[in-house]
Amino acid sequence: MNVVVSQHKLYVAQLRKKDLNVAALPILKILLFSNDIKFFSFTDTTTEISIVMEERLLEVFPSGLLELSPKVWRSLEIVNSTYSGISTGVHSISSPLANAGISIFYISTYETDIILIPDEDITKAVHCLKQSFPLLSTNFQYSISSVPPLSPPSKSSHSNKKHKLSLNSNTLILTSTQKYTFNNIGTTIIGFLFFPEKDKRFFSLCATGETVSIILEESDYVKLNSLVEDDELSSYNDIWQRISVDDGPLGFEETGIVNSIAAPLAKVDINVFYVCTFETDHLLLRQSDVQKAVNTLKTSGFILK
């Protein structure tokens, strides 16, 4: 497994839904006219809009428009591994970090898994993963003497709580395209971003370098797919449904939330796609696995409606 640690700092932000029109121009500048995006993620749910971006992009937005998380983040990208993307790897990666008391912000994309780590914990996190995966390689260099002692998380921060969960009726598609193709379908994407047809929806876009990963409603995917050539849009041949943590806002201090949900599902070989937002967490499951996942989570003590 190879872990690439970003050199740039990231910020997690929340945009009030009523201010989406004000943020439209900055978002369009970033997505359509910036050729060197390292990381930009936009997730719109029924209740919130969550944005993750590199530090330099903050200046594109009007002052005071965004609410920023109190932490500055760095990203770990899982590259060329069976642990990345849609796999039981969410548990494999999140478990050692939870046991070390490291808070994480998890974003699965079509190609890989990206784990945001508080900047001050990045050395500790890489060392923790190297201990769990002896064959792990990384671009991040550090000395053992610089690693803080790995100790169990405090009871006040670690998630022993069984959060309330809810199953959403949205049917979703996971897809990906290259940046040059994205520019060709920009008008349609703008429509999905700023003119949703449903009040209850889930739309997530993550741009990393030359790749754009998108989670969108099944009906929107049909429209998008009709605009591109056969090889310009990569998609999983599955319909997905979403389970959300329903008692947020979760904050950024509690550790182990991702693993507490992913672990019981991994034990019964259910593959998940995990997306954190400013206020809460979402996991996507193949529609064929939903009932099994619901039963498993209920058996594990979660309240699910």
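Backbone N, Cα and C define each Cβ position, glycine as well.
Automatic prediction, not curation, is the source of TrEMBL annotations.
Summarising the annotation, TrEMBL assigns domain 'CASTOR ACT' to 69-130 (among others). Secondary structure counts, DSSP: the domain 'CASTOR ACT' (69-130) has 23 helix, 18 strand, 21 coil.
Taken from TrEMBL, the feature domain 'CASTOR ACT' applies to 237-298 (among others).
Mean pLDDT for the domain 'CASTOR ACT' (237-298) in this predicted model: 92.
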